[in-house]
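S.K.: The structure that follows is given in the form of structure tokens.
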């Protein structure tokens with residue numbers, strides 16, 4: 001059962017236990033069985049995998065503790081603002097979106113989370129594995145964590161396969177058999193885990209390329225169906241092109257894209273759209 005945001009829950013403890021188990025098996029069983037800890041290759045792999053595991057833990061802790069973005073209490077949409085060509089409205093009635101539970105208007109791309117019991121800026125989804133929403137302020141951190149987790153899982157798989165192959169019984173003592181069993185069990189656990197993380201990473205890379213959230217993707221499917229039914233074409237209004245979409249999520253500095261800090265552009269209240277007039281375009 002998920003707890004209140006900010007609390008340590010069973011899923012969080014499960015993730016930390018999995019990281020610890022994979023790290024112990026890889027560093028203290030697989031690498032010694034394959035390369036040995038007294039060789040340069042063994043030490044180099046221990047250092048590299050330890051750094052990668054530390055990055056996973058650091059980004060995971062940031063994703064758990066970072067607030068995804070709160071709607072300012074005094075926020076009121078300005079329908080006469082010429083810089084805001086789009087105002088999201090309710091499906092029924094056509095009124096500006098207003099959260100009855102939080103008693104305030106919703107900015108574009110914001111949604112109410114039933115678990116967190118508040119509205120979240122640019123909400124993507126609520127993740128039980130971090131006991132937190134993934135939103136405007138921690139989306140990049142969540143993405144970087146998944147990326148590091150995929151790399152660490154694949155790296156560990158290579159080391160575990162090598163350790164399992166080189167630990168085949170060859171006049172070994174009974175104690176070595178238990179180590180090989182632990183290596184094999186860890187490899188069996190890692191296979192579906194790495195596959196699930198890779199699929200999750202691929203899904204969010206797709207969303208970033210189109211500047212969508214998970215919620216907006218599902219809403220867009222319905223909007224596209226309605227548009228085609230009416231003989232119109234649907235275009236996601238926040239899709240600015242691949243490069244601009246990447247900048248809007250990962251930040252303007254390419255060298256900081258993999259850093260576990262939230263350097264996305266904007267304040268989560270207003271977002272650039274494809275209807276914005278470029279600054280280089282002369283006025284008509």
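Glycine is treated like the rest: Cβ placed from N, Cα and C.
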S.K.: Of 41-63, 64-86, which span is tagged transmembrane segment by TrEMBL?
M.R.: 41-63
S.K.: Do you know which of 141-162, 229-250, 251-272 TrEMBL annotates as transmembrane segment?
M.R.: 141-162
S.K.: Match it up for me: which of 12-35, 108-131 does TrEMBL list as transmembrane segment?
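M.R.: It is 12-35 that TrEMBL annotates as transmembrane segment.
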S.K.: Short question: which residues 6 or more past the ends of the transmembrane segment (141-162) have a Cβ under 8 Å from it?
M.R.: 22, 25-26, 30-31, 34-35, 45, 48-49, 52-53, 55-56, 59-60, 62-63, 66, 127, 130, 134, 183, 186-187, 190-191, 193-194, 197-198, 200-201, 204, 208, 249, 258-262
